[in-house]
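For reference, TrEMBL has these:
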type	residues	note
REGION	1-37	region 'Disordered'
COMPBIAS	7-18	compositional bias 'Basic and acidic residues'
TRANSMEM	56-76	transmembrane segment
TRANSMEM	91-114	transmembrane segment
TRANSMEM	134-155	transmembrane segment
TRANSMEM	175-196	transmembrane segment
TRANSMEM	208-230	transmembrane segment
TRANSMEM	257-278	transmembrane segment
Amino acid sequence: MAENKEEDVKLGANKFRETQPLGTSAQTDKDYKEPPPAPLFEPGELSSWSFYRAGIAEFMATFLFLYITILTVMGLKRSDSLCSSVGIQGIAWAFGGMIFALVYCTAGISGGHINPAVTLGLFLARKLSLTRSVFYIVMQCLGAICGAGVVKGFMVGPYQRLGGGANVVAPGYTIGSGLGAEIIGTFVLVYTVFSATDAKRNARDSHVPILAPLPIGFAVFLVHLATIPITGTGINPARSLGAAIIFNDKHAWRDHWIFWVGPIIGAILAAAYHQIIIRAMPFRRS
């Protein structure tokens, strides 16, 4: 009887793969085999605990991401000068460092997306089902709202006065400039995710899955260095939504569409570039 229960547990744990992306699908032998595309709908996922565990992991990761990063932004805004605070470089390190840490922690559970744009890109590449993609995005957005809400709870007055970490197009830049910055920044991030977690590279180089969080976090750091002066750097619709909802200012809502449209376009372009140009998937023989 105990043996049957143990077999059931193993079946429940392994029947539905928790995730393919972010370094968790490395081939064990050196002969590379293309993993099959994820089904569009996989109803069986809804009865698997691993599915809900992955969603909870995405919620917690995005919650922690917003909490640390928005709190860092508030600290910068409260300082009298950049010299007495972490500065823009410190903000960039906070975002990049948190992504590095959280991807490392959650990659084996949910894939460590922490970003609807990353989830969209991997869905378009057939790395996960539509069911899982929608669930991840919902949990990411809820986690971001809660993370920003906790920061506001710590500093209600300063939070509203200092902008709440919400993304807006900075004075002196056009809407087109802001949109372009978000598209290119998201492209850099999602392309890095694809490259760092490519199953073919995992089969060839055993160290790739272990190091995958590092280039992803570093890409976030570099994009923030470049685009903080333009938009405050979104490249993550959940991050922008969480800050906008808690800050709830008309100026933030006026520009908010940029931080969804830009990342969506960037993710689509990155997925297409990697799958069509780099991997040449449409041109492969079955």
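Yeah, the Cβs are placed from backbone N, Cα and C, and that goes for glycine too.
Counted as Cβ pairs under 8 Å, contacts with the transmembrane segment (91-114) are highest for 208-230 among 56-76, 134-155, 208-230. The list of residues near the transmembrane segment (208-230) in space but at least 6 beyond its ends in sequence, with Cβ under 8 angstroms from a Cβ of it, reads 22-24, 26, 88-89, 91-93, 95-101, 103-104, 107, 112, 169-170, 173, 177-178, 181-182, 185, 188-189, 192-193, 195-198, 201-202. For the transmembrane segment (134-155), the residues of the chain that approach it from at least six positions outside its boundaries are 51, 54-56, 58-67, 70-71, 74, 110, 113-116, 119-120, 128, 164-165, 237-239, 241-243, 245-247, judged by C-beta separation under 8 angstroms.
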